[in-house]
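Features as listed in TrEMBL:
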{"type": "DOMAIN", "residues": "263-355", "note": "domain 'Transglutaminase-like'"}
{"type": "ACT_SITE", "residues": "C271", "note": "active site"}
{"type": "ACT_SITE", "residues": "H329", "note": "active site"}
{"type": "ACT_SITE", "residues": "D352", "note": "active site"}
{"type": "BINDING", "residues": "N392, D394, E442, E447", "note": "Ca(2+) binding site"}
Amino acid sequence: IAATQPSTNWHLKENAKDHHTSKFSSKELIVRRGQAFIVTFNGIEQPEQNLTFIAETGPNPSKLAKTQATFGISSTASKESWSAVLQSTSSNSVSISISSPSNAVIGRYKLSVRSTSSGSSSPASLGTFVLLFNPWSSDDDVFMPNKAECEEYVLEEFGIIFAGNKNHINSFGWNFAQFQGDILNICLSMLDRSLNYRQDPATDVSHRNDPKYLGRVLSAMVNANDDQGVLLGNWSGNYDGGKSPSSWTGSAEILQNWKKSGFKPVRYGQCWVFAAVLTTVLRCLGIPTRTITNFSSAHDADGNLRVDEFYDASGNHLDRAADSIWNFHVWNESWFSRSDLDPSYSGWQVLDATPQEESGGIYQCGPASRNAIKEGEVDLDYDCPFVFAEVNADCMYWNYDPTTGKKTLMYSESTVIGQFISTKAVGRDDRVDVTNYYKYEEGSTKERDIFKKARKKLGLEDKFDPTAPTPQEIDQKPDIAGKFKVAGPLDIGKDLNLILVLANLQSDAKTVHINMTAWSTVYTRRPVNEIWKDSISVTLSPKEEKQFPIKLPYAGYQQQLTTDNMIQVTALCHVEGGIQVLVQRDITLDNPAIDVQVLGEAKVNKEVDVEVIFTNPIDTEVMDCVLQVEGNDLLRGVLEIDVPPLKASETSSTKFKLIPFQTGPKHLLVNFSCDKFADIKTFKTVNVID
């Protein structure tokens, strides 16, 4: 073709602008499928009609597997196949517009050229480029017609994740960082480390045109189970040997640590960390993705759309069932069409990278169509029964006697699971409730009909379930009602004041023996440490309501708390001559606040000071204070600053410098930890000007 190797001008800036890939900081061309890009070659001495281009990806490219394409110059671009259209020529350079089909395999391609006239001369390499999904192209499976949604769900690197519990929703910022450093390369190498690739590389690569295939594979790769994936889960409350899941502020550090260690799983993750990393990978590859938080989320281990919880006579929540009800659970939704199903099931698809139950023999979950979940179509691919249960399962609360193994139903609930399903608003930092996209209104006949339909499809209606309560057990009515009320602030460092309210529903007096406990838990409501227990006996006059104040002093719970700052209080009420009544409440305590101030104007390439202020709210010294800061385009990597110990009520001011390197609104994420308070988080929007 030429005496020397041809040189290639990839027109990086112009192509990146056209393909919405300007945020990547790569020296390599990154483009989206189904859309043309311009390349100029110098040093080609052939007439352009004699040129044949070869684009290929994967370890053994083939035309049959659609991982190799050969194409000459044509007069117009093709929609169905790879094509090249001549833009301009000069003495020894030629500019070509290359188009890929909108269902092309994504990944890193080699581009080469050979001359048709010089027989079988070996092709000359022109270099490599990366091809991604294209949500801006109407022919792509991931096409998202709303441009503001494309900006948020593909291009936005800052997210807000919701946590806490249904009575007390809180949130924190996250840096998805999908365009930073070598994150794209790490995402591509993640695909090459999957079990599917290891078993059959050529077939795996040939499926990489399909978002539902990639979503499922990546939901397995983000957790370490089965495949030495990215993150090792840990829900024990003890995070020695790694970083506590609540201490991360972004995905980049996790993905870079995974690569640096030679792809050993990073310690440790919990659901929002798995979901945030999966968001990073999918947004990076061009699949619109968001995080979703479900409050009172069911983990139905045995697939019967029912969650069983067990309590002993003292009111202790027993960790004996495989089922559980998490205070919250975070998963993902990704946007793409379902060519394998009816078109009505396209749109948002649930993916979940948290290793909870095996699917197809490995820990992966989804894509489950959100529309299918709402309509109870639990027989559709993939993992719809599990996701349906997460938002719809019925709950059964049992009293269990460990000595005899006897269990007695205390009560059942059908409206408690799946509440305040939340995600970040498009273009704003607000919470948006998406519960009504997952199910019909709780308590409506439509919602119960869908639940029955799902049970029927799973074959649960016809088969006898020896573990299920009898209709008599379900219909039994308690003599008393109870609830815990919060009296005062829910702040760590302050005593926790509650009121147990009991009401006699009958017109005769009732004697009640009450066993109360308080345990610290992780957010999955798994009990970790006992904080307090007490027993009282009371007589309630007919229709009488009584209040019993409860005080849990800070000194009594401080040592027992996990980094989730959660406490479960229960009162098991044994009513003489009646059925037992369980009263319980999950409490999330708030950390003290930290304040972040940018001192002066933030300008590109100019130093600006930032001050972080923290006041110790308790009457003892806090030690081992560490400040962790990150923010794209504001600083590189994660900044860690040791802060001196703080005496009771003392305020600390920590200053550090930023040198912003991009204009626009940027997010600074701050995490402060010490021996008494874990992972106090905040974020600050910094407007960087020229």
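Every residue gets a Cβ built from N, Cα and C, even glycine.
H329 (active site) sits 17 Å from D394 (Ca(2+) binding site), taking the C-alpha atoms as the reference points. Residues N392, D394, E442, E447 make up the record's Ca(2+) site, and a Cβ search at 8 Å around their centroid adds A393, S414, T415, I417, G418, K439, R448, F451 from the same chain.
Residues near D394 (Ca(2+) binding site) in space but far in sequence (CB under 8 A, at least 6 apart, same chain), listed by position: L305, R306, V307, S412, E413, S414, I417, F451. For the recorded positions D352, E447, the largest tally of other C-beta atoms within 10 A is found at D352. Each of the recorded positions C271, H329, N392, E442 was scored by how many other Cβ atoms lie within 10 Å of its Cβ, and the smallest score goes to E442.
For the pair C271 (active site) and D352 (active site), the Cα-Cα distance reads 9 Å. For N392 (Ca(2+) binding site) paired with D352 (active site), the C-alpha to C-alpha distance reads 17 Å. E447 (Ca(2+) binding site) sits 24 Å from D352 (active site), taking the Cα positions as reference. Under DSSP, residues within the domain 'Transglutaminase-like' (263-355) fall into helix, strand and coil as 18 helix, 41 strand, 34 coil.
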